Each structure stands twice: as structure tokens, then as C-alpha cells.
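Below: the structure, in C-alpha cells.
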């Protein structure tokens, strides 16, 4: 499913090349960049010592954070908001990054059961871990 008015926002893309964008150009540009993230773990795939048990691809936190910023800065406020809320809030996805080991979650959203802040063991070596994405 691709969001109306876009060619890149959704599962896969409908573009006839990387330069083609839908009518919601700014939102679609954000989705295209996100789709081209170089650091990802395919559905049911493994990388960096992590296994993605989800039925969809998960990306590095760097790519997800850039996607979130891009959507927030988009002039296409309605379409960007819809895409952002769907990806970041409804899907309840996770991203991965290299960081100090998580000791515990400091703040957890009671409604969506999503971790917001973490305590880290800063004396241990960094390792790749899953992190909940922020709500949109």
C-alpha cells in the first residue's frame, strides 16, 4: 500500500526511477530518502548481532530520526503528518543503533507501552540494540 499522492510512502514504491515523486513532493522526498537508508535489517533478517522478528524492514535510528525531522519540516503538513503518525505512532516500530548497553527504561509511555528514556551502562562496551521510535 502506497499513501495517496506519493510514490515512495508505504510498502515499496511506485516510481519509475529515483527522480520521480508524487504530488506531495516534500513528503515523498522524505520517504524516498528513508527508503534508501543504507543501514537496515530486512524482515526476519539479521545484522549487527540483532534479528528483526518483524514482518517489515527496520532501519538504523539515524535514518528514522532523519525521516522524522524531514516530515516535520515538510511543507506538505497534512500528508507528512499522516505518514509520520502512521509510521512512528501506529506501527510502533523500533530502530537500532550502536550504544552503551541499556540497563533500564527510565520513562515508559503508559498508553502505547513505548520506552522514551533509557539508563545506560556507560562503562561497558557499546553494542547494537533495539530502541523504540518516538511518537510523531
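Glycine too: its Cβ is placed from the backbone N, Cα and C atoms.
Under the heading Ca(2+) binding site, Swiss-Prot lists 8, 10, 12, 35, citing similarity to another entry as support. What Swiss-Prot lists as disulfide bond is 9-31, 30-70, 37-63, 61-95, 105-117, and the listing cites similarity to another entry. The N-linked glycosylation site annotation in Swiss-Prot covers 16. The feature active site is assigned by Swiss-Prot to 34, 64, with sequence analysis given as support.
Structure coloured by features recorded in Swiss-Prot.
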| residue | record | CB count, 10 Å |
| --- | --- | --- |
| 8 | Ca(2+) binding site | 26 |
| 12 | Ca(2+) binding site | 10 |
| 16 | N-linked glycosylation site | 8 |
| 31 | disulfide bond | 27 |
| 37 | disulfide bond | 16 |
| 61 | disulfide bond | 20 |
| 63 | disulfide bond | 19 |
| 70 | disulfide bond | 18 |
| 95 | disulfide bond | 23 |
| 105 | disulfide bond | 13 |
Residue 63 (disulfide bond) versus recorded positions 8, 10, 12, 34, 35 - nearest by Cα: 34
Among all the protein chains here, how many other CB atoms are within 10 A of the CB of residue 30 (disulfide bond)? 28
Using the alpha carbons only, what distance in Å do you get between residue 64 (active site) and residue 8 (Ca(2+) binding site) once rounded? 15
Enumerate the residues of the same chain, 8, 10, 12, 35 excluded, that satisfy the criterion Cβ within 8 A of the mean position of the Cβ atoms of the recorded Ca(2+) site; list them in sequence order. 2, 6, 7, 9, 11, 13, 14, 31, 32
Which ones are near residue 105 (disulfide bond): of the recorded positions 10, 12, 34, which have a Cα within 10 Å? none
Can you see whether DSSP assigns residue 10 (Ca(2+) binding site) to helix, strand or coil? strand
Once DSSP output is merged into helix, strand and coil, residue 105 (disulfide bond) belongs to strand
